[in-house]
Amino acid sequence: MDYLPVLFSLLLVVFQGAPEAAVLGAELSTGPDSGGEKPAPSAPWRPRRSKRCSCSSLLDKECVYFCHLDIIWVNTPEHIVPYGLGSPSRSKRSLKDLFATKATDHRNRCQCASQKDKKCWTFCQVRKELRGQDSMEKGWDDQKKGKDCSELGEKCTHHQLVAGRKIRRLDAVRNSIKTAFRVAKLKAEIYREKKVTHNRTH
């Protein structure tokens with residue numbers, strides 16, 4: 001007789017779960033007929049990750065930060081953390097998209113999702129031009145290495161002056177950073193010594 005309440009509650013639980021099981025079975029049976037295109041109405045809506053553009057290299061952290069709108073730059077070394085969305089679903093790429101991106105010019109920094117997004121286009125193209133200028137300057141430096149400027153003319157002299165100024169400026173910045181670190185280290189040591197002597201006096 002003691003088993004009657006337990007048996008009754010067990011039957012109650014089974015019958016309460018039965019309609020849900022029947023509905024689930026009906027959904028499973030109608031799924032293949034409809035092609036599985038319609039999602040279940042009870043499925044929760046998940047936000048899709050919208051990308052402003054797609055970077056040609058994921059090692060380009062600035063591009064990744066610019067293109068992926070929901071990623072917040074967190075100051076951890078070599079780490080970008082998606083923050084606040086709980087890893088939303090991403091749309092799958094088709095083979096056409098894959099071959100289209102392979103066929104595009106790899107010198108572009110990124111590829112914009114919208115053709116009307118002028119800021120995105122300028123971001124992707126300007127960086128390409130800057131990289132072209134850098135490579136031209138590198139080629140110019142390689143060309144004038146070991147050569148006297150009398151052969152190359154005024155342009156060579158100007159480049160040498162600019163390069164000399166840049167090197168001096170970089171050296172000055174490097175030295176100021178080193179001295180700032182030394183001063184901070186000395187201050188930390190003095191503070192530590194004061195703290196130790198203060199603890200000993202009391």
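Every residue gets a Cβ built from N, Cα and C, even glycine.
In Swiss-Prot, the region 'Disordered' annotation falls on 28-48 of the listed ranges 28-48, 133-153. Between the stretches 50-64, 110-124, 155-169, 185-199, Swiss-Prot puts its region 'Endothelin-like' entry on 110-124. Between the CA atoms of Cys63 (disulfide bond) and Cys53 (disulfide bond) there is a gap of 9 Å. Per DSSP, the secondary structure of the region 'Endothelin-like' (110-124) breaks down as 7 helix, 3 strand, 5 coil.
Around the Cβ of Cys55 (disulfide bond), 21 further Cβ atoms fall within 10 Å across all displayed protein chains. Look at Cys63 (disulfide bond): DSSP puts it in a helix. When the Cα atoms are compared, Cys67 (disulfide bond) and Cys55 (disulfide bond) turn out to be 7 Å apart.
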